[in-house]
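Data block below; observations after.
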Amino acid sequence: MPSATLLGQALISGVLAGGMYGLLAMGLSLSWGLLRLVNLSHFALAFLSAYIVYELGTKYGVAPWWSAAMVVPVMFGVGAAQYWLFDRFHVNELASLLITFSFAVIVEAGIQIYWTADYRRFETHYSTLSFKVGPFFVPVLELVLCVVASVLAWGTWMWLRKTYVGKGLRAAAEDADIAAAYGVDHRKLAYLLSGIGAAYAGIAGTFIALIATLAPAQIWAWLGVVFAVVIIGRLGNPLGALLAGMLIGASESLAMAVLSPAWAPVVSFSVLIVILLWDPEWL
Amino acid sequence: MWVGQALARRARWRWAEIVFWLAAFAALFLPAGRHLILNEIAILALFALSLDLILGYAGIISLGHAAFLGLGAYAAGLLAKHVTDDPTVGLALATVAAASLGFATSFLVLRGSDLTRLMVTLGVAMLLGELANALPDLTGGADGLQGVTMGPLLGLFEFDLYGRVAYAYSLTTLFVLMLVARAVVYSPFGLSLMAIRRNRLRASALGVPVHKRLIAVYTLAAAFAGAAGALLAQTTAFVSLDFFEFHRSADVLLVLIIGGAGWLYGGILGAVLYEALQDALAAVTPEYWQFWIGLFLVAFVMLGRERLTGGMRGLLARFGR
């Protein structure tokens, strides 16, 4: 059994790493839960953003936050454009799955053509910054990511609960026809939401560029875990997605410390299946 | 009597079907060179047929059908490596193994809505893939299962380099399982499945034991997919973690949608079209074919799905008269 310090450290890194799962899950959860569109290309958009941030940073020396300021609005546009396609061709859930999968394949191929299949790493001094709390190290970048994810999750949650726009969206997800009868313009809201979801992918992508090593095939690496996070966190609930992300992150990290790295993903899927079997009320 | 007659009419062999199978078996006598890809098509078709049983006939969308393909492949591969190199024994064992997994997970799949179902199927496939990765002593881990050598088929036919025996083996398996699928789908059992797909609540009100039927068909589909996995492992003499990958599950879903779900031959038609398209694109643009296939699929699902497969089905039905 590893020492208490190691376990504590594993827990901290796990929760912080879970922030990334949460951030990726949020956009997916919104479009799945409120628009009934399963957007597999979410990961592709995140990685495309990451590559753009990498490109701007390494070739032109643009600071990551400036790149993010450019990439995020572009992604918002991409998300809205995607919704236009779905709306125009009356795409249902199953078809949205297939189309966005194909869309992800296109983006993956595009990345491969432009950046090749080689591993890319955006070296910055941020990635090594950390500070010490008692015996534990806290990486600054992951902490910032977690703070950003929390602010976004909480903000989106409040937006959906308190504002008329948010309430309209939830009403339309519940029953589009009745909501329309009460004057909710579902379409306009859906464009907005689809754009926001993709914008979150852009934000996640910026952090991916700073934290992870990039390769085209990595697009698919997080799919399973993030899907699990979306379901555990309840569809359409950004706060739930964040908490579930942290839960999965922490359990993976603990499994890594106690068992071995190879067992970490096994644990996260087991957590998912146990929760689905248990079938709690909040699911 | 009336229902029986209607069922018998539906189950009748159509001319197009007979012609198709004759052509498929006649392809065995083509000069060597195309049998490897034909073998691949036959296996993909079997895999898609298995998905058609649950998607087309029971309305269950699965994002993790590769779980059964992978399990069947590893079962057949491990058996060949450690116990016996008889392919038919491996095929049988893989089918049974996958069916058991299908039976066990069907209870999970029945829970919850369509959406959680997507997740459960995906989760099971991912879990198995990660397990295979975490147990390198058994599965070879990321290196894959190497050193799978097969004995002669039925003790008579050695697998050749050109894939002729492999194609004969896969095609025969596909044919036999198609006979099984036909028998199942055109039976009262198959009718009750379609009733469940159209309206679950009403079907159960009519006295259809919904859960039992779904468990049965999910188990059957898993068995088919396991057989496809065994064929793939045996004819390529290799098994890797890639068999569990999400790409496999998504590809087979696309293949089935291309061919059209719910008429048994959709998997075969889709597999032929998909492989032919891939082959042609790879020949024209070896670097960018993935890009084009992605683009084609987007366009296809959005625009042509109903029209194309509807048209093809109409054509086949007309020829069938």
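Quick reminder: no glycine exception, Cβ is built from N, Cα and C everywhere.
Quick caveat, the model's predicted, so the values are computed rather than measured.
Here's what TrEMBL has on this protein:
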- A:6-26: transmembrane segment (TRANSMEM)
- A:33-53: transmembrane segment (TRANSMEM)
- A:65-85: transmembrane segment (TRANSMEM)
- A:97-116: transmembrane segment (TRANSMEM)
- A:136-160: transmembrane segment (TRANSMEM)
- A:189-213: transmembrane segment (TRANSMEM)
- A:219-242: transmembrane segment (TRANSMEM)
- A:254-278: transmembrane segment (TRANSMEM)
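Taking pairs at least six residues apart, the transmembrane segment (A:219-242) and the transmembrane segment (A:254-278) share three or more Cβ pairs below 8 Å and count as touching. For the transmembrane segment (A:136-160), the partner stretch with the highest count of Cβ pairs under 8 angstroms, out of A:6-26, A:33-53, A:65-85, A:189-213, A:254-278, is A:6-26. At the 8 Å Cβ threshold, with sequence separation of at least 6, the transmembrane segment (A:97-116) comes into contact with the transmembrane segment (A:33-53) through 3 or more pairs. Residues of the same chain lying 6 or more positions beyond the ends of the transmembrane segment (A:189-213) and with a Cβ under 8 Å from any Cβ of it are 20, 23-24, 26-28, 30-31, 34-35, 37, 39, 42-43, 45-54, 57, 64-65, 67-68, 71-80, 82-84, 86-87, 119-122, 124, 126-127, 141-142, 145, 148, 152, 156, 165, 168-169, 172.
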